[in-house]
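Annotated features in Swiss-Prot:
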BINDING   Gly35, Leu36, Ser37, Gly38, Ser39, Gly40, Lys41, Ser42  ATP binding site
ACT_SITE  Ser109  active site, phosphoserine intermediate
Amino acid sequence: MEENNNIYPIFDRMLTRQDKEELLKQRGVMIWFTGLSGSGKSTIAIALERELHKRGLLCRILDGDNIRTGINNNLSFSETDRVENIRRIAEVSKLFIDTGIITIAAFISPNNDIREMAARIVGPDDFLEIFVSTPLAECEKRDVKGLYAKARRGEIKNFTGISAPFEAPEHPALSLDTSVLSLEESVNRLLEIVLPRVSRHE
């Protein structure tokens, strides 16, 4: 069978990341929130997106609600699928970042290996790891979805913080304890490190 030689690489004709960042007047970056369930990751992510939007900056939030029901709806919560879940999230995030979009991810991502994998895929220079360090006792007290109660009763297996471990990041760009900091304080601290990273200096 004759080999098809009619497929040619088109990367030399594609617009570059720089072209897109110049159009958007911003730099793409990954803001990766990690922490226990109920620590405040998604709440802070949403508030941060609103503040960046007010400043004319384009963002995209990725979290369990829009990932597990979409691109990763065929994955279980087995160890292998949890790793694949994060791998896919990182690959999708890289596409957004290469388009100049500020990408905000809020996932438990419970160990250093899995987060380091995400950072390698995205690229360490574009990866800001934010540890929402709210203590387990406070997360369990909030328990908005009743997940901790179910985990304590043994109804949920391998639940991070109860029956499965959580490894705190070794060198996060920022640590936020929402049992101490208000939402406004948390977002202000984030803006201090995020705005210099996403601003283009012409």
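Heads up, the Cβ atoms here are built off N, Cα and C, so glycines get one too.
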Which of the binding-site residues Leu36, Gly38, Ser42 has its Cα nearest to the Cα of Ser109 (active site, phosphoserine intermediate)? Leu36
Residues sitting within 8 A of the centre of the Gly35, Leu36, Ser37, Gly38, Ser39, Gly40, Lys41, Ser42 CB atoms (ATP site), not counting those, run Phe33, Ala106, Ile108, Val132, Thr134, Cys139
Sparsest Cβ environment (other Cβ within 10 Å) among recorded positions Ser37, Ser42, Ser109 belongs to Ser42
